[in-house]
Amino acid sequence: MSGRKAQGKTLGVNMVRQGVRSLSNKIKQKTKQIGNRPGPSRGVQGFIFFFLFNVLTGRKITAHLKKLWRMLDPRQGLAVLKKVKRVVASLMRGLSSRKRRSYEVLTVQFLILGMLLMTGGVTLVRKSRWLLLNVTSEDLGKTFSVGTGNCTTNILEAKNWCPDSMEYNCPNLSPREEPDDIDCWCYGVENVRVAYGKCDSAGRSRRSRRAIDLPTHENHGLKTRQEKWMTGRMGERQLQKIERWLVRNPFFAVTALAIAYLVGSNMTQRVVIALLVLAVGPAYSAHCIGITDRDFIEGVHGGTWVSATLEQDKCVTVMAPDKPSLDISLETVAIDGPAEARKVCYSAVLTHVKINDKCPSTGEAHLAEENEGDHACKRTYSDRGWGNGCGLFGKGSIVACAKFTCAKSMSLFEVDQTKIQYVIRAQLHVGAKQENWNADIKTLKFDALSGSQEAEFTGYGKATLECQVQTAVDFSNSYIAEMEKESWIVDRQWAQDLTLPWQSGSGGVWREMHHLVEFEPPHAATIKVLALGNQEGSLKTALTGAMRVTKDTNGSNLYKLHGGHVSCRVKLSALTLKGTSYKMCTDKMSFVKNPTDTGHGTAVMQVKVPKGAPCRIPVMVADDLTASVNKGILVTVNPIASTNEDEVLIEVNPPFGDSYIIVGTGDSRLTYQWHKEGSSIGKLFTQTMKGAERLAVMGDAAWDFSSAGGFFTSVGKGIHMVFGSAFQGLFGGLSWITKVIMGAVLIWVGINMRNMTMSMSMILVGVIMMFLSLGVGADQGCAINFGKRELKCGDGVFIFRDSDDWLNKYSYYPEDPVKLASIVKASFEEGKCGLNSVDSLEHEMWRSRADEINAILEENEVDISVVVQDPKNIYQRGTHPFSRIRDGLQYGWKTWGKNLVFSPGRKNGSFIIDGKSRKECPFSNRVWNSLQIEEFGTGVFTTRVYMDAVFEYTMDCDGSILGAAVNGKKSAHGSPTFWMGSHEVNGTWMIHTLETLDYKECEWPLTHTIGTSVEESDMFMPRSIGGPVSSHNHIPGYKVQTNGPWMQVPLEVKREACPGTSVVVDGGCDGRGKSTRSTTDSGKIIPEWCCRSCTMPPVSFHGSDGCWYPMEIRPRKTHDNHLVRSWVTAGEVHAVPFGLVSMMIAMEVFLKKRQGPKQILVG
């Protein structure tokens, strides 16, 4: 038994070691097998595929993987990647050839392709803490594995990649959350953004079709007759020129038609050639004959100066006894080398659009591009909640920025008055043939430095011209606008008001870029941003009415105007007639061209002298063939024939009606019957109207009616334009009261005359005389008289010393009382309890019209009364604008008549106007700055001022009654209740006079400010209470008076000590504090004052409560308990009544029904 046990004994075996030994043997066998295979091992291939998978799916590349990649044999790695490349190329060829493959093969290849890269599709790039998903149009509706989750894009706007791209967040949604108002979303992965290009296959991006509504330039041009852009008159003018040339040159016209017929091979070519030749024909006209508008100066003595204003496309013919006639015209007005002032962009390109968003209650969204000057940004709010990545419903912050690049711009050049050249053309009427005219044409150039110049004509002497370039067209408020190859003269204010991006001429960032960028309404996490299309069409349409300018094509920076005028003086004393000693031509002459109407009331003819030259050609215009007295005027004075067979051009001015033009003497004379339409009286009226039109265009530079000179030297408006200077010349020596009495007598006589024609004539003359005696000459432009404290602007005048007239001589009305009552009702219903006036003028309107507004409210059964309280000339700021009207009110005649007699009663609700801030109606619940002056009307005794409501809240004061002017070293900023006069001393502007009649808290607008480069702390009067932000609002040694006694109105600032006090400069004096009155609370004078570094004499405020010192000047020995301190914390007008116009209406009543003297006096 023991033997069996020994024989069957079991031995212990270590199975772990046995398994390791077995596995080791297998690995050695497999390694040997792999090593014997050619090419990269499967391990290398697997590692490369795994590495590519991590790269393409956006997984993090660990440090261990990077180390293995660096250890990889380059030859084996390249071999694997080449295989991958061959597989991808094969798949692409298969797709392009549309061949059918087996399901198994396609499955394997697509799996490999998905691991490598969906070629041409999505790519994932890590950008800081963000994963950036780049997609194209091929990825519409696809879902991609990103990190530990997946993202889906459904972006219809995604196309081909280009600089016009979008980038924004892909919200991360909860697992069961459905997307809402988003086109990119993720599940299980944070911080993913999507980017895509928006260009089509041709590289074009979508633009907004919206056109900008630009203000038209019409009625903003220069005050001159001109060729205007898009007025539709140029074709008409050229046709008129062609018509006149055809009538006057029939032989050449027939020749042109014959050439066209022979040269052209078909009818179309013949018509085109004929039109081209005929269009060029008028260019060969000369003298003033072929010019549309022409004026004559007749009967002027040659030794005196003749005043004339020259315009382009017009001509003046000067005739004097024993002098040759002279044609002068303005050839061109050119501007040399203007400086570029600004650029206006009308076509922009947007690129690199980025958007960021935030959920509600998580703060504001921000982009780094917001701080870059070349980006247009918009910040707004979008609806967020479940379905777009937010846990709370509400408004979330969203901001979008796009890089702005201007593709096309219009340059604006500033015109330097000293660089303007006027080219004047002068030509003598000597009867020479057209081919010899060049010798008789002289060209003179005038600029700002030119004096008088002489035009010398061989054999005839010299004509002297002196042109006042400084008083010609005013370019100070104009720019030259150049857009591609076209140029215009435009109004400076119009150009600055264009709603287009702009930059200064020296470059820099574009301002107001938002005008060419359209931000569509936001979605949850994105905003569509589009560039507006090319606005060239809108801009050219807006330029309607602007004067055309032509740029010189030879490379110079010279611009030629198609309009303009210049005032000149002409002297003919050095001109002499040629051939006065020649004998008369007696041989038979002939008409080469029969007498033809020039269109200016004259007749022109061409006469041929066969022999007997040199001789004088006798020409006369008579009533009949037997008359011997010349009834016409020779424009071509003393026509002479220099050689035999000479052809002489002669121009005459026949009388009105039938006449005969007689050339030569005796039986061989030439006769031609002539008829001139019109009459001498009609000519007088025509010339007067012509002069009136010219005066309206020229202003004070206009010479006279019909170029006669010296009768009308200045203009106003209306009657003053035509009759003003004549009235002054006839009655200038009479006193004012005498002229008024004469006018009244003429009206009285006219009323009592039985003959209707004489009655109307006398009344008209009397009314004109009284009007010219009592009215204002309506000055144009802006001017300021510092001695009289008078500021003139536009056609209005206001005088500060008479500023109380704004409350006494002016009546204030709402533009529409019913509308204002409706606005009061709407505002009250929205919880606004009242209104604070901006200044005394608005308060006066409410005070005088409260009853009328209450009557309207009462008629419509509105339980509200407008209650006007006394503000003591202190007008503080409210916080709301007017509410818009929801329903209109009615206002009948019955209520109107009742309101004239009875005042409406008080209602339960009160709309408080001004007064103090009380608990029932605090300033925080009042309307403010919601009325502006609309226009100025006329009345018999007072001027009416109409105010209209505005619905936008603004801090700026109404600019309708503000003015600013500078003249040399003096300047002024003024309004009806404020005047600040400044002067310059050693290069520093300082206030010398400051007066204010009321306290107001609107801000002086920059549009009515001179010298805006100033730190607000260096100003004297604070900005928040109407102090102009100007370097002229400054007093050396005194800072901004935020605690000045500004409420002590009326207030005047003077450079003098308060009565009974003295001020010394002491470095140990107290610092700035609240302004202090010079007397104690008991009225005792505080004699001693000091300041640390103020300038002398000291500044003092003289107000309604005594004299005050500014914040820098402090009392020396008075206890604080007795001081009185300031409690302020400042954070086109017709000046003369025009009511006499209504008298003319009343005259019609008198004329229709005869009134006796007694009835007139009583009635």
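The backbone N, Cα and C atoms fix where each Cβ goes, and this holds for glycine too.
Not measured: the values here are computed from a predicted model.
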Scan C793, C833, C1002 and flag the one Swiss-Prot records as disulfide-linked to C921. C833
Pick from C359, C377, C568: which cysteine does Swiss-Prot list as forming a disulfide with C467? C568
If you compare the topological domain names in Swiss-Prot, are G188 and V316 on one side of the membrane? yes
What is the total of other Cβ atoms whose distance to the Cβ of N134 (N-linked glycosylation site) is within 10 Å? 19
Measuring Cα to Cα, tell me the gap between C406 (disulfide bond) and C377 (disulfide bond) in whole angstrom. 16
I want to check the contact list for C1058 (disulfide bond): same chain, sequence separation of six or more, C-beta distance under 8 angstroms. What comes out? S1078, S1100, C1107, W1108, Y1109
Distance, N986 (N-linked glycosylation site) to N908 (N-linked glycosylation site) (CA atoms, angstrom): 63
Given the disulfide-bonded residues C315, C568, C1069, C1094, the candidate whose Cβ has the fewest other Cβ atoms within 10 Å is C1069
Other than its own, how many Cβ atoms are within 10 Å of the Cβ belonging to C377 (disulfide bond)? 20
Of C315, C401, C467, C1094, which is closest to C359 (disulfide bond) if I measure between C-alpha atoms? They're all disulfide-bonded residues. C401
Count of other CB atoms lying within 10 Å of the CB belonging to C345 (disulfide bond): 23
Check the topological domain 'Cytoplasmic' (1-104) for me and report the mean pLDDT. 64
Spatial neighbours of the topological domain 'Cytoplasmic' (266-270) far in sequence, C-beta under 8 Å, 6+ residues away: 260
Cα-Cα separation of C1091 (disulfide bond) and N986 (N-linked glycosylation site), in Å? 24
